[in-house]
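Engineer: The structure under discussion is supplied below as structure tokens; questions concerning it will follow.
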Amino acid sequence: MFSQHRRNFQSRDSVFSEGSEEPSASLFYSVPTLPTEAEIHESIALQPSRYEVEEEQENEPDTAFLSEHSPMGYSNKQTAAEIYLDVPPTPTVKVSDNTLSEGLLPTVTIPLIQLSGATHRKYKDTAFAVLFCMGLIIMAIVGIVLLFITNSHELKDYSRKSVFFVIKNSIGPLLFAIIFSLSMGAIWILLLRSFVKIMIWGTLTAVPFICIAIFIWIRVEAFSGALRESGKPDPQDDALAMLSFIPLIISIVYSIILFSRRKKIEKTISLIQLACDIFKDNPQMLWVSLKILTVYVSFTLIWLYLFSHIFLVVYKMQTEYKLEPNTYLLVPYFIFMYLWTSAVLCNIQRVTISGIVSNWYFYRHELDRNASKKVADLALSRAITVSFGTVCLDGLILLFIQLVQYITGFLKKIFFLNCLLSFLTCIDGIIDKLNNYILIYVGISGNNFCTSAYTTTKLFRRNLVFGHVNDSIDKSILYIGSVIIALLCGFATFIYATHLLESSYGYVVGIIAAIIPYYISQFYTYIMMNTVDATFICYTIDLDSNTNHCNKAHEAFH
């Protein structure tokens with residue numbers, strides 16, 4: 001075949017050398033004259049198969065890969081839609097053996113979670129797993145010590161005015177906030193599973209009105225508080241009046257964003273519909289999320305009990321009690337460990353769901369129902385063992401992003417720091433957008449954080465799909481529910497502690513009552529969000545390997 005092509009090209013070269021002009025040359029390679037149709041069919045018939053299945057690696061017993069090699073040295077005049085929507089390809093012609101495009105799209109491996117038990121596993125990013133476990137152990141030891149050295153009965157006069165008192169007496173509202181967020185999240189996801197369009201349009205319509213109602217309610221409560229002995233209102237009521245503008249601002253901004261991107265709503269509905277279809281085929285995602293949520297609620301209750309005892313470490317100075325100076329260091333440490341643990345549990349859910357979705361996406365026709373049920377347990381097991389260090393590292397990065405956002409919010413008023421803040425905001429935005437997708441790829445591939453970050457960014461850059469990451473509003477629609485639940489529970493508990501308990505530390509339980517329902521409701525929201533993100537990464541792998549494993553995904557993301 002190659003000798004025949006060589007003779008054809010030599011005959012054509014001789015024609016050009018006798019009087020014709022040479023064909024135009026590209027910057028990187030010369031474009032030869034196309035062979036005849038008969039030669040094309042003969043070339044195609046003699047070519048090997050496009051796809052080859054790699055053998056299972058002996059040193060990686062817990063993963064297997066299906067390598068799909070795409071012949072990038074071939075030119076194709078089809079559009080992207082024709083290539084990826086099961087349209088039969090047109091005959092292709094090899095242009096050159098050494099072109100620029102051949103090195104851009106290396107082989108992409110599609111992992112499979114093995115259903116057989118693995119005896120040897122290589123743990124990823126173990127240093128951060130050890131660091132997280134040490135932090136939890138130190139917090140537990142300090143908390144146990146606090147239980148032995150403090151006694152609330154001996155400090156009755158002080159405890160009635162302390163943070164311990166307001167947390168202890170606000171247990172009722174805090175438990176109600178937990179139960180409320182649990183029930184509302186469960187009702188929301190079950191209704192969304194059956195009535196996607198009605199729930200999405202209902203959310204879009206109801207959110208502005210709910211936020212305005214919360215604004216009016218908080219304003220009324222802020223001006224109905226009891227006056228102090230000096231005749232002035234409580235400073236916490238003044239703060240409540242200022243905070244009441246938060247839901248109003250959210251309502252305005254949310255309406256503006258949705259109006260400016262109203263053309264993308266239908267696409268967002270199709271993405272969420274796709275996620276709901278995957279959720280119907282994999283109901284074990286809900287049970288895995290409920291297991292993680294149970295751990296989170298248990299951890300929260302234990303943390304609250306230990307955290308409240310920090311404020312009993314006091315010394316008496318004349319007639320007043322004051323906290324020990326070293327005690328103030330324990331407060332940020334306990335808060336940091338709580339936020340880090342919450343992020344780790346959310347990341348475990350993300351890694352688990354991405355593993356379930358990737359197996360459904362690539363191997364749903366090969367696995368039976370019993371095997372697909374085992375995939376959920378195996379994906380969870382991998383998230384809390386092999387990938388646990390990566391999960392902890394990603395949670396730490398998430399806390400760093402939130403810290404940068406918090407600091408830049410306070411420093412924006414300083415003029416000479418505007419350039420630095422713009423740079424930090426840009427870097428923070430890029431990391432924030434890529435962070436979720438990196439962890440999704442960790443759940444799909446089982447690689448460490450750095451390898452997953454490198455592969456994910458190259459997937460986006462090679463396939464030019466980063467625009468979806470920036471333009472999609474599906475997360476805004478799903479995310480707003482958690483924000484509203486957090487605002488309701490936080491403000492309600494704040495008002496209860498300030499007006500009924502008449503405590504000067506009502507804002508403390510208000511913050512706690514906002515954070516806990518926020519994370520609880522996000523466990524339900526993350527089922528949909530992580531499903532969409534995992535499907536998107538699988539879609540980019542399809543693009544990268546020139547395959548199509550799910551027509552609905554290609555139509556939704558196209």
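Cβ coordinates are placed from backbone N, Cα and C, and glycine is handled just like the others.
Small disclaimer: the values here were computed from a predicted structure and weren't measured.
TrEMBL feature annotations, pasted as is:
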type	residues	note
REGION	1-22	region 'Disordered'
TRANSMEM	128-150	transmembrane segment
TRANSMEM	170-191	transmembrane segment
TRANSMEM	198-220	transmembrane segment
TRANSMEM	240-259	transmembrane segment
TRANSMEM	293-315	transmembrane segment
TRANSMEM	335-362	transmembrane segment
TRANSMEM	383-408	transmembrane segment
TRANSMEM	414-431	transmembrane segment
TRANSMEM	438-457	transmembrane segment
TRANSMEM	477-497	transmembrane segment
TRANSMEM	504-520	transmembrane segment
Engineer: Sort out for me which stretch, of 128-150, 198-220, 335-362, 504-520, has the most Cβ pairs below 8 angstroms to the transmembrane segment (293-315).
Structural biologist: 128-150
Engineer: Which stretch, 170-191, 335-362, 477-497, tops the Cβ pairs under 8 Å count with the transmembrane segment (383-408)?
Structural biologist: 335-362
Engineer: Verify whether three or more Cβ pairs under 8 angstroms connect the transmembrane segment (198-220) with the transmembrane segment (335-362), leaving out any pair fewer than 6 apart in sequence.
Structural biologist: no
Engineer: Short question: most Cβ pairs under 8 Å with the transmembrane segment (504-520), which of 170-191, 198-220, 240-259, 477-497?
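Structural biologist: Counting Cβ pairs under 8 Å, the winner is 477-497.
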Engineer: Given a Cβ distance threshold of under 8 angstroms, which distant residues of the chain, six or more beyond its ends, lie next to the transmembrane segment (240-259)?
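Structural biologist: For the transmembrane segment (240-259), the far contacts come to 204, 207-208, 211-212, 214-215, 218-219, 221-223, 225, 265, 473, 476, 480, 483, 487, 491, 494-495, 498.
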